[in-house]
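K.L.:
This is the feature table in TrEMBL:
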type: DOMAIN; residues: 9-160; note: domain 'ATP-sulfurylase PUA-like'
type: DOMAIN; residues: 171-383; note: domain 'Sulphate adenylyltransferase catalytic'
type: DOMAIN; residues: 391-543; note: domain 'APS kinase'
type: BINDING; residues: Gly399, Leu400, Ser401, Gly402, Ser403, Gly404, Lys405, Ser406; note: ATP binding site
Amino acid sequence: MSISNLAPIPELYVSHESAQKLKVEAGDLPSWDLTPRQICDLELLMNGGFNPLKGFLDEADYDSVVERMRLEDGTLWPMPVTLDVSTEFADKIEIGQDIALRDQEGVILATMTVTSRWEPDKHREAEKVFGADDLAHPAVYYLHHSAGRIYLGGPITGIQQPVHYDFRARRDTPNELRAYFRKLGWRRIVAFQTRNPLHRAHQELTFRAAKEAQANLLIHPVVGMTKPGDVDHFTRVRCYEAVLDKYPQATTTMSLLNLAMRMAGPREAVWHGLIRKNHGCTHFIVGRDHAGPGKNSAGEDFYGPYDAQELFRKHQDEIGIEMVDFRHMVYVQERAQYEPADEIEDGVTVLNISGTELRRRLAEGLEIPEWFSFPEVVSELRKTRPARSKQGFTVFFTGLSGSGKSTIANAVMVKLMEMGGRPVTLLDGDVVRKHLSSELGFSKEHRDINIRRIGYVASEITKNGGIAICAPIAPYSATRRGVREMIEAYGAFCEVHVATPLEECEKRDRKGLYKLAREGKIKEFTGISDPYEAPETPELAVDTTGLDVDNCAQQVILKLEQMGLIAGR
Ligand code: PPS
């Protein structure tokens, strides 16, 4: 029978006095500003959540982890925890040198002695760790589009924990949790990992899992980084707090885990197990499609539904934590209670609401029954996810110069203002270049900065319930996708490809720019001497050749209506 010994585990922090001294000394070191993901990783490295790692992986450990899920010395470790940096920064660093690791406000959190520097084969990492080099996988996308080109590895000396201003009382290091369990005499603890709001079925299944394992229960939600598009952690934690009240008081607790998930399915499940073991747990609930990233670019699941359970089971002795099956619970109407789906006889009425159906009901402001969720949870979700027709959204026009983007965007703006209800802002290409991006030119780098600025402003407008209409050329697919992700975290994104062909745009040549471009007097001109990557799956494509503006604008309005963004009176 698994019983936790709950002795403290090693941390990478120096003593308080040494930390003060080191912090001053580290002020002179070359310093790296950590990305949000690296801050999450560093916190768990320093506090022992990633025990036995002593720092960011060096090349030998990285190769070994990627190839065989083990550190070089054979210890099971499924996830490359690496410090990716820019080539520019890496070029300045010598092997053996100490660097300071700073948070986004410039506070030094740790130093690292760089023992290894290499350029990883990201395609191999994607294939081996995530199962496919497919950009539809969020971690693969991150690897190719956000992570720096060079990895640095080496041991860490921890100076201070990253600062969190939210839910402080709910955040615990592994040793704090271990001490808490010791104090309460909890020796068998089932951990439940989650990145979603909990409803009644989750409460039933977790409570049942704990009862079956004769253990206490730790609700251990991830609040670091989860899958793009997930419900934000502020809302989720308010929901979890409401659900926590539904368990018998002495049986269950909750702690927040500042993990940056990779959505790596089976490997991630093993990683989650090791992390929970470090937090003093003895059991871990693994369900269907654990940490699944969704569909790949061919529309299929990245991993089989039980791959994670299989890999976990194979390694559970080594992880040192027992897997508990996630029992799929459904509501039996005749008996007014939840029961495991596999124990229900024929002939009874089973009720269930899928995740997709729940999102639809929230989006359309429809009823969510009490048998499905707790009223407090539903009310929290409704606050952050108002019906789609009340949420902010962004209409993002993209197309060649002279394709008609601005004209249609203007017409759409006026029509939306006539309807009323939400503030509308037009971020037209020329306006943005004047007020936000006046120092930028038209190189790929500058265009990307320009589009990301537009995306940022639009995401803020969307977040706060307004409508942003953007109309830049935005020639690069990857940058547009980045903007989409930024915005979809807060509301809908409607990409409209103004697909007027180049010949037509050139024929119109309202600003005379095509002529100058042809004569070589304007360099890097989109469509002439610079690329335009047409969207493959925009929400809408309109070609203005032979169509009047009003008709095009009407098509956009109808699309918005179809997307549920404009409600009837
Ligand atoms: S981008 O690529 O999205 O950053 O471009 P954008 O900010 O929309 O700016 C496009 C407008 O700038 C004028 N212009 C050029 N366009 C393309 N290529 C080059 N080299 C260039 N130089 C100036 C042009 O008038 C574009 O306006 P629109 O409204 O699209 O015609």
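Using N, Cα and C of the backbone, Cβ positions are placed for all residues, glycine too.
Where the annotation comes from TrEMBL, it is an automatic prediction and has not been curated.
Owing to the predicted nature of the structure, the values given are computational and were not obtained by experimental measurement.
Walk me through the surroundings of each of these features.
P.N.:
Averaged across the domain 'Sulphate adenylyltransferase catalytic' (171-383), the predicted model reaches a pLDDT of 94.
Within 10 Å of the C-beta of Leu400 (ATP binding site) we count 24 further C-beta atoms, all protein chains included.
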K.L.:
Same-chain residues six or more away whose CB lies under 8 A from the CB of Gly404 (ATP binding site)?
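P.N.:
Gly404 (ATP binding site) has long-range Cβ partners Val498, Thr500, Thr544, Val549, Cys552.
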K.L.:
Which binding-site residues from the list Gly399, Leu400, Ser401, Gly402, Ser403, Gly404 come close to ligand 1, meaning a Cβ under 6 Å from one of its atoms?
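P.N.:
List returned for ligand 1: Ser401, Gly402.
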K.L.:
When neighbour density is defined as the number of other C-beta atoms within 10 angstroms of a residue's C-beta, which of the binding-site residues Gly399, Gly402 has the lowest density?
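P.N.:
Lowest Cβ count within 10 Å among the binding-site residues (Gly399, Gly402) is Gly402.
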K.L.:
Going by DSSP, is Gly404 (ATP binding site) sitting in a helix, a strand, or coil?
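P.N.:
Note: Gly404 (ATP binding site) is coil by DSSP, not helix or strand.
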